[in-house]
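The Mg(2+) binding site feature in Swiss-Prot is assigned to Asp78, Asp120, Lys121, Glu442. The [2Fe-2S] cluster binding site annotation in Swiss-Prot covers Cys119, Cys192, and the record cites sequence analysis as its basis. According to Swiss-Prot, the N6-carboxylysine annotation covers Lys121. Under the heading active site, proton acceptor, Swiss-Prot lists Ser468.
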Amino acid sequence: MRSDMIKKGFDKAPHRSLLKATGLKDEDFDKPFIAICNSFIEIIPGHKHLNEFGKLVKEAVRAAGMVPFEFNTIGVDDGIAMGHIGMRYSLPSREIIADSVETVVNAHWFDGMICIPNCDKITPGMMMAALRINIPTVFVSGGPMAAGKTSKGEVVDLSSVFEGVGAYQSGKISEEELKDIEDHGCPSCGSCSGMFTANSMNCLCEVLGLALPGNGSILAIDPRREELIKQAAEKLKILIERDIKPRDIVTEEAIDDAFALDMAMGGSTNTVLHTLALAQEAGLDYDMNRIDAVSRRVPHLCKVSPASNWHMEDIDRAGGISAILKEMSRKEGVLHLDRITATGQTLRENIAHAEIQDKEVIHSLENPHSEEGGLRILKGNLAKDGAVIKSGATEVKRFEGPCVIFNSQDEALAGIMLGKVKKGDVVVIRYEGPRGGPGMPEMLAPTSAIAGMGLGADVALLTDGRFSGASRGISVGHISPEAAAGGTIALLEQGDIVCIDVEERLLEVRVSDEELEKRKKGWKRPEPKVKTGWLGRYAQMVTSANTGAVLKIPNFD
């Protein structure tokens, strides 16, 4: 066993003595040591219940004849961090999480790991660590939150609350109505109830094969979560016995399938960023062109909030992720069904008995929302290395208009609230990329303000930053190269005409190459917004969004 490094041999007497101080007995040294990587944090509603989850996981691990050791990671609640400097720490926290898990697991030579994530950056951070460490691992997330209902019976979620701010600001609803939405938008523990980033990543974790069937859709408050925990411990023991590791599971084909599900469900654009980062950790050569190829062959079968009024509980009721995958498998070439997963079985075996229970929620191949996926990769002279749009969250497929430029999210939000943006405009928010932000903050507040003011179909928004999974409308993010790297977005001037063509996958500014080259010669990179602390270091090390915004390792040659 891997853990023999710290528990076998006469020279490990000091190690065993320390381990006995934690409560271990001599007989425990013949059992696998299992890391329970938890993320219990009281300020994050998606993680508030994970303390109890951790106890259940440890009980299940002991029942399976193994020895559990629980530790915790940090986390950031993107909703609470939204709209201020806290959001700049969100994406960088992914790297800290990955590094901290690597540190604890490799320092103590665990034989296997069960990860308990739930929200936005915690799930991908732990997944990156699992691929980096590469010991048998199973994920069990905390589960989605239920949708809420206002006093009038209207179904609401966190996206409704953000959009309610814009609606109140523009006089569309009263303060009392806003308070009603606020009070009911987040009714329980769990990851926010729509197809936002957290749920998108937990669903992708399931199809990648790192989590068990049901992981993405079973609600946090559903007793079936406890059964999932028991299964996770049992399956982990099998993975250890068969020496099946994350890199055996997360192959190029598995990433294809993850993006295929993403396209079928119209997931968060953040999945592109995080899954590209996973590919980097797995040592795979996977780029945005391959994502685009997946998008072209996968139909859009589900619309979940913010693209509709359906929520994760509806997906679960309609058959869950397995039912979506089973339907997708009917189309040749969409999925790789014979690859291994954390169940110890193939994807084909995992979904064999799944069926769609409600075709209003999960559409059939014969009745898709669209013939192509709910996310699209755009390219053009404004995004030579690519950009991402959640095409399933807007009915507008082509938009052209003059750009209104803001050099920060705060500046943009103030401008939107002051009425500086009108119908037909293209809002540009730049210098908010991985390096320029720093931290590539999400633009939920501006997109929600635009939607809440009734301009969601009449105003486009472009950024080198990110969008929350709760964002909707004509929102193009992850523009690469970013402004801080001298990308074309940095060269735009007020009033330049920008064209977004979703069907043709184009993002262009109507300015000649000669004029852009002239502007570039006169461009100067702004001073970094942050020069000290973690964000200062992050800004110096982070790479582009089109490679997952991972950190580059300095060249010591």
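Keep in mind that glycine also has a Cβ here, set from the backbone N, Cα and C atoms.
Features per Swiss-Prot, on structure.
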residue : record                        : Cβ within 10 Å
Asp78   : Mg(2+) binding site           : 30
Cys119  : [2Fe-2S] cluster binding site : 28
Asp120  : Mg(2+) binding site           : 34
Lys121  : Mg(2+) binding site           : 28
Cys192  : [2Fe-2S] cluster binding site : 31
Glu442  : Mg(2+) binding site           : 32
Ser468  : active site, proton acceptor  : 31
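Taking the centroid of the Cβ atoms of Asp78, Asp120, Lys121, Glu442 as the Mg(2+) site, the other same-chain residues with Cβ within 8 Å of it are Val76, Ala81, Met87, Ser90, Leu91, Cys119, Thr197, Ala198, Asn270, Ser468. When the alpha carbons of Glu442 (Mg(2+) binding site) and Cys192 ([2Fe-2S] cluster binding site) are compared, the span between them is 16 angstrom.
Cys192 ([2Fe-2S] cluster binding site) falls within neither a helix nor a strand when secondary structure is assigned with DSSP, and so counts as coil. Cα spacing between Cys192 ([2Fe-2S] cluster binding site) and Asp120 (Mg(2+) binding site): 10 Å, rounded to the nearest whole number.
Comparing CA positions across the binding-site residues Cys119, Asp120, Lys121, the one lying closest to Ser468 (active site, proton acceptor) turns out to be Asp120.
For the recorded site, Asp120 (Mg(2+) binding site), the DSSP three-state label reads coil. Secondary structure from DSSP puts Ser468 (active site, proton acceptor) in coil.
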